[in-house]
């Protein structure tokens, strides 16, 4: 990759950001297509979010992915926001164009595309449990509701955040522990969005003994590729799906929005897998 004065910049902001594999997958797509772009990670603390956004705008950055903890707070700094991102209440993709900043959310379609790729169906008319109450959880709750899931149960370490999310997205249910075990045991789909899945010092937010073999357990956390929850679910006989597919697909959607070019998804996937194989 040769960077020149004409190279266009895209990237990702978050705190932490060291775990992100988005640079590998996007730069692989850029190289495969021979585009004059570069994708760069930026560690941005919450107190510096506004300054960072203004800096990107001033520097003619083309696009930025947004990860934890900025997906909701970044909305304050946008000129436009897509209908889907408005419904979700969180943004993971910024587009800088003609002096304006627009926000999109590619998490919801990326989540569903990764399921379809695995040959798995959303339990239309059924029940799902979503663990976590951040920006990714919001996207997934909306995606599941629009796909026809009848009951979506939301749980979080901080119960008030689960209740707030449930109330905000209307008609869903925030759960505390006594009801959670029953919900997990009777749901067709359990989705973890909590970043604590990356940290072995935190306990799992659900007891694996609650799981039933007929359930699909989907952990969108991708570092490590097989989380403790996925290992425990596999031991219980559940069908499991990790976060690598969602990361690739939501990234591919963002890539096309920035460049106008459909990226080579398989090249992105291979780069992502290679990044983990090198660890």
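Glycine is no exception: its Cβ is also placed from the backbone N, Cα and C atoms.
Feature annotations, courtesy of TrEMBL:
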DOMAIN    12-94  domain 'Shikimate dehydrogenase substrate binding N-terminal'
DOMAIN    126-191  domain 'Quinate/shikimate 5-dehydrogenase/glutamyl-tRNA reductase'
DOMAIN    243-273  domain 'SDH C-terminal'
Close approaches to the domain 'SDH C-terminal' (243-273) from elsewhere in its chain (Cβ under 8 angstroms; 6 or more beyond its ends): 10, 21-22, 24-29, 32-33, 35, 37, 62-63, 65, 92-93, 95, 104, 106-107, 109-111, 113-114, 117-118, 219-222, 225
For the domain 'Shikimate dehydrogenase substrate binding N-terminal' (12-94), residues assigned helix / strand / coil by DSSP: 36 helix, 18 strand, 29 coil
Within the domain 'SDH C-terminal' (243-273), residues counted as helix, strand or coil by DSSP: 25 helix, 0 strand, 6 coil
